[in-house]
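Here is the structure we will look at.
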Amino acid sequence: MAGRSGFAQFFSRDKVKTFKPKKKFEQGTLKFNLHKQANASLSSGIDLKEVVRLPPQEDLNDWIAVHVVDFFNRINLLYGTICEYCTEETCTTMSGGPRYEYQWCDTDSVKYKKPTALPAPKYISLLMDWVESQINDENIFPVKVGVPFPKNYLQVVKKLLTRLYRVFVHVYIHHFDTLVALGAEAHVNTCYKHFYYFVVEYNLVDKKELEPLREMTEKMCL
C-alpha cells in the first residue's frame, strides 16, 4: 500500500467501524485473539525494527495514520482481555505503580476541562472514546485523496500515542500476572515491541513517558 489511495482503503470509516471498540467490555467472555487479528508484520521471526521503517515511496503521514488506527485497535483488544480484573475497586486510580499516576483531561468536554483523578477503568474508557473520536475526525485524519493532513497532525498523533502507551503501563504493572494466567503474555509483548519500535523510530512519545516501563523495555527491546 502506497500513497493516499491505499491509506484511504485501509483508513475508511467502514474500517474503523469494523473494529469499533466495545463501549462496555464483555466481562469474562472476551478472549484473547490478538494472534488472529495480527497481520504479517507481527509474525514470529519478523524483525520489528525493520518493519516499522517507512517503505520506499510511502507517505510518512499516511504510514503513521495507518499505525495509529492499528495500535488503537490492538490496545483496545489487549485491555479487553483483562478488563474484568481491572475494576474501580481494584484499580482506584489510573496508575503505573506508586510513582506514576495519570489524570484525565479533555478541554473539549464539560466535565474534564481540568486534570481529574479517575479509577483506571473509567480513565481507559474515556481514553478509548476520545481516541476513536480523533481518528474518525477527517479534519485530523483525512481519507480523501488530495486532502492534506493538518499542520498540527503530528502534535495530535503524539498525544494519542502517549495516552495509549499509558494503557500498556497500567496493564503491565498491575495486571501482568493475569496476562500470564491467560496465556497472553507473548502476544502482548509482541504488540508492545511493535508499538515501542514505531514511536521511537519517529519520535512520537517523549522519553519521560516511557520511563515507567524502562527496565522491562531494556530487557525486551534493546
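Numbering starts at 1 and runs along the chain as displayed.
Cβ from N, Cα, C; glycine included.
Heads up, TrEMBL stuff is auto-annotated, nobody curated it.
Bear in mind that the values here come from a model prediction, so they are computed numbers and not experimental data.
If you look up TrEMBL, you'll see CYS86, CYS91, HIS170, HIS175 marked as Zn(2+) binding site.
All features noted in TrEMBL, drawn onto the structure.
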residue : record              : Cβ within 10 Å
CYS86   : Zn(2+) binding site : 21
CYS91   : Zn(2+) binding site : 19
HIS170  : Zn(2+) binding site : 24
HIS175  : Zn(2+) binding site : 22
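Each residue in ILE82, TYR85, THR90, ALA120, PRO121, VAL171, HIS174 lies on the same chain as CYS86, CYS91, HIS170, HIS175 and has a C-beta within 8 Å of the C-beta centroid of that Zn(2+) site, without being one of the site residues.
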